[in-house]
Structures are given as structure tokens and as C-alpha cells.
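Read the structure below first, then the notes.
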Ligand SMILES: C[S@@+](CC[C@H](N)C(=O)[O-])C[C@H]1O[C@@H](n2cnc3c(N)ncnc32)[C@H](O)[C@@H]1O
């Protein structure tokens, strides 16, 4: 794949937010969508089932050294950090927790920023934890685009608010507007 | 701008790893890049330097700084009966097979602080097999091995370990296998008698015996695809005929050459058997 990537972070309240976002993206979204939602080891199976049912995209639980493609969603398994290894490949680690979490959104976003630079969008949704704020900063510094869910309409506002406080957020939007914005940006993200 | 930053980074990383290999013999060149970069970044932060290449003189001349880096490269995060369904599947699908052998050799490659090896000893004990078992538990981290030999773990982890043990189909209570101290527990010496802890580096050391069962879980994730292939070949070569290989729940042998010579016992739990 020669395109870009979308990385998404979420915590408390993330299940329904992800359901809405991944449904509204539609079946033809060209870039891979890599998702880290905080969850306990084993809970990824349930999340994957729910999202598979609602989203027209193909939803997988990420494996180590798995290749990514467009129209697919990859979920971080509980107990592992999910990272972007190179433009085609994911990797896992069980390094120490970051912001009391493994998987951590910061770890995913920092690794994505390293590999994709300007060719990426980082999105942070609802959550009760400041994980993701450092990640948003890394994405911005590498030249990527950053979007955060509107804290006023997010189920739990702490995660989006912490990200906004870094001053590195390009857009603050409601869920359905995030999907529209992503589709508009996707012309720059698909395979070239 | 971004482009040149990336290439500089790659170049500097290569030089750093080359220097480390020349001076200390550690080969980190084929470790998975994302995890490696996290560690390198953290050491740049700790040392307050700006470029990856600034770490070269530091690691060459300041051995404690390098030792801290090596320690960081070894991630000793583990549990008793981690992924309980895996141990359950072992009990159901592999123990009956092991019961047909007069003597059983087990290898834990990348055993960290030893919890996985003690879990195995308990499982084998409950199935009446411990007395005809030799467990080899290896790692390249001497500090982790020293910890493993003590069999002492924090009391506060016991609730999780008990729960894992129960979900893994444990037959009694985990506390039966250890003595409680003030804020720690120590696992019975009887279990440790059947475990040999030893230093073995999967990147640079070779086969040391023919095993009936090998567990190498959550170690391959730290290696890139090339190194994974090499290490999987080493594990495969260490299996006896029809031996059993287990890898981590989210790891893959699908992309490796040995895939053709293994049959699946439990795909979800990543349990495989040598076909000949
Ligand atoms: C995350 S722990 C896995 C522990 C255990 N197998 C489990 O799954 O719970 C990874 C271990 O791999 C070891 N390791 C990493 N590189 C190694 C190498 N080249 N040779 C031997 N062990 C290595 C680390 O020292 C660490 O203890």
C-alpha cells in the first residue's frame, strides 16, 4: 500500500462512538483504520463482534506483523500495545502500561507519526483518561492532521479535553462530522 | 523535510546498533522497529540528548548507561497462567499426548521472571507428570533469571494469578503451591526442582536439546519478520519428532517457512505439532 492511514483512540464510552464513526465511514473508505480502545485482555472479541455487525468495513483484531489494507479496521487486543511497524505492517508489544493502559493510544499514535508523517489522520474520541494527548502532539509535529471529538457531545469529555489543551488539534467535531471530514480527507489517504 | 528526517533517523539508528554490536556483542539490528524506537527515544530523553547518534559515545563509554538500555530491551512483563484458555487447551489437548512419553522435556524460551514455567510445573504436577519432567526455562536477561530462581512474587499479584489459575481449569487453589510471606509469596521448592533456569539468547545461541514441548510466547513480537523466521527455525529444530510448539496468542507462524511442517492443534491458542 502506498497511501496513508487513519488512527483512532478511545476509552470510556468508546464502543458506541466507534460504532457510529465506523458505520458512517461507509464501505468504500480507502485507507486502513487502526483503532486503540482501552479494554481488558479478552474483551477485544466482543468489541470486534459488535463493530463487525454495524460497520460495512471489515473489522479484525490485530495480530503481530499483520499486513494492513484499505477498507479494513484493525483493533488493538487487550493487554498489548498496538503499533505501526512500517507502511504495510502492524506490530504488538507488551511493554509497560502508558497512562495506566495497555493498549495505549499514545503508543499507537507515536508509532504512526514516525512511519506516516503527513500521510495520516489522528482521531481521539470519548474517554476518562489523558492517554492520547501526547500522541496527538506527535501526529501534529510529524505533519499529520488531528481531529478530536467535541467534548460537549462526547460521553466522557476528559480525553478530548486533554488533547485540545495541547494546542495541537486541527478540528473539534461531533461524531458524524468527523466521518464527513475523514471522507473528504480520504482522497489524500487512499492508495496512489 | 519529513523525508530527510526519516532517513537520518534510520541512518543514525543503524550506526548506533552497529556500535553496540561491535563493543558489546548484542545484536538488536533485527528487533522490531517500533518497539526499538520507543526505547531509543526514552534513552534520548533520560540522557537529555537530541539525536540518536548522540547515544553512540554515551553507550560506548558509559557502561551503566548501556546496561540500563539492555535491561530496557528486555520486557519482563508476565503472569502466572497468562491467557488461561491457552493453559486449558494444553491440559485438554496436549497433556494426554505427554502422558504417553516415559520422559518429558519442556522448554520455555523467553521465560522472563519465571511465572510461565512455574505455571507449567503446577499443571504437570496436577496431571501426575511432574516427576518425569525436566523443564528448561531460558532468557537472555540474567536479572530476570535470578528473580525466576527465587520463585518469589508480590502478594498483590496473587488475586490475578488465582483467577487465571481457576479459568485455566486448575484443580485446587493456587495458594496450595506457595507459602505466604509478609507481602510476597514463594512457590514450593518441589516445583523448582524440576526447572532449570539458564541464560540463552535466541538471536545468537543455538539448539541445546530435543524437546517434547516448547513455549515461546510474547517474545517473537519484539523481532522483525526476518529474525522471527530465524528464531522459529531454531525452535522447530529443537523439537523432537511430533513435538509441540506454542507461541503467543497474537503471534503468527503463517508467514514463516516452518508453517508447512506444522499441523494445527488449536489455532486460536496457537498450539502446533511437528508433522514428522
Ligand atoms: C514479555 S516477556 C514474555 C514472558 C512469557 N513468555 C509470557 O508470555 O508471559 C519477553 C521476554 O523475552 C525475552 N527476550 C527478548 N529477546 C530475547 C532474546 N534475544 N533471547 C532470549 N530472550 C529474549 C525478554 O528478556 C523477556 O523476558
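The backbone N, Cα and C atoms fix where each Cβ goes, glycine too.
TrEMBL annotations:
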DOMAIN    A:1-179  domain 'CheB-type methylesterase'
ACT_SITE  A:11  active site
ACT_SITE  A:38  active site
ACT_SITE  A:131  active site
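When Cβ atoms from all protein chains are considered, those within 10 Å of residue A:131 (active site) total 30, not counting its own. Sequence-distant contacts of residue A:11 (active site), defined as residues of its own chain at least six apart whose C-beta falls under 8 angstroms from its C-beta, comprise A:37, A:38, A:101, A:105, A:126, A:127, A:128, A:129, A:131, A:156, A:159. For the domain 'CheB-type methylesterase' (A:1-179), the mean pLDDT of the prediction comes to 95.
Other Cβ atoms within 10 Å of the Cβ of residue A:38 (active site), summed over all protein chains shown, number 25.
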